[in-house]
Amino acid sequence: MAELVSVAILGYLLGSIPVGFLMGKLRGIDVRRYGSGATGGTNVLRTLGPWAALFTVLCDIGKGLLAAYLGERLAGEWGFVAAGLLASLGHSYPVWLRFRGGKSVATSGGVMLLHYPLAVLVGIAAGALAVVPTRWVSLGSLTASLAVVLQLFLLDAPLSHRLLVVALAVVIYVRHWENMKRIAAGTENRLGVKARPRA
């Protein structure tokens, strides 16, 4: 039990590293004051541009992957689950930023990348297919998440892994609740729209 608690804390701390926020600070910009207010790749793209967004996404993937690897290495199968889930939660709710972070898509993808790289790639492809006609990045994120969940159930993955991927999807969908309402209303921001200062 002590090992699980330790890797869960480690996962949270890794996940809570606010890469997007730090990228903005390097340029004197607080990304939380623009667009959606999130610190993840999409809002960084709209606020700081493509290169900052690419770096942010890669680092966010790396956080999840490293947390999952260390969790499994130190505490086995359930260590992978605990560290992976807490990395995702840490990204969305970082203590350093008063629990206002990103939306956990890239970090969750990094977690699942450890054991299911093909499923993650298929999820990315499914997400891209959703983005191309709509230009709604949020819809692509939701589609990708669901695609990975479905694949793990079709693959008959271990129960612990299926529980993890469902939990990660729940985090992603909760964090995208406002996006889903805007999608339903047809008012969601489309890819290419620059972030505006928040009121």
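Using N, Cα and C of the backbone, Cβ positions are placed for all residues, glycine too.
Here the structure is a predicted model, which means the values were calculated and not measured.
Going by Swiss-Prot, these are the annotated features:
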type: TRANSMEM; residues: 4-24; note: transmembrane segment
type: TRANSMEM; residues: 51-71; note: transmembrane segment
type: TRANSMEM; residues: 77-97; note: transmembrane segment
type: TRANSMEM; residues: 111-131; note: transmembrane segment
type: TRANSMEM; residues: 152-172; note: transmembrane segment
Stretch with greatest number of CB pairs under 8 Å, the transmembrane segment (4-24) reference, 51-71, 77-97, 111-131, 152-172 candidates: 77-97
Chain residues in Cβ proximity to the transmembrane segment (111-131) (below 8 Å; excluding those fewer than six residues from its ends, i.e. six or more beyond): 61, 64-65, 67-69, 72, 80, 84-85, 87-88, 137, 139-145, 147-148, 151-152, 155, 157, 161, 164-165, 168, 191
Residues of the parent chain within Cβ reach of the transmembrane segment (77-97), under 8 Å, 6 or more residues beyond its termini: 3-4, 7-18, 21, 32, 39-40, 60, 63-64, 67-68, 70-71, 103-104, 107-108, 110-112, 114-115, 158, 160-161, 163-164, 167-168, 171-172, 175
Distant-in-sequence neighbours of the transmembrane segment (51-71), which means Cβ under 8 A and at least six residues beyond its ends: 7-8, 10-11, 14-15, 17, 19-20, 23-24, 27, 40-42, 44-45, 79-84, 86-88, 91, 102, 106-114
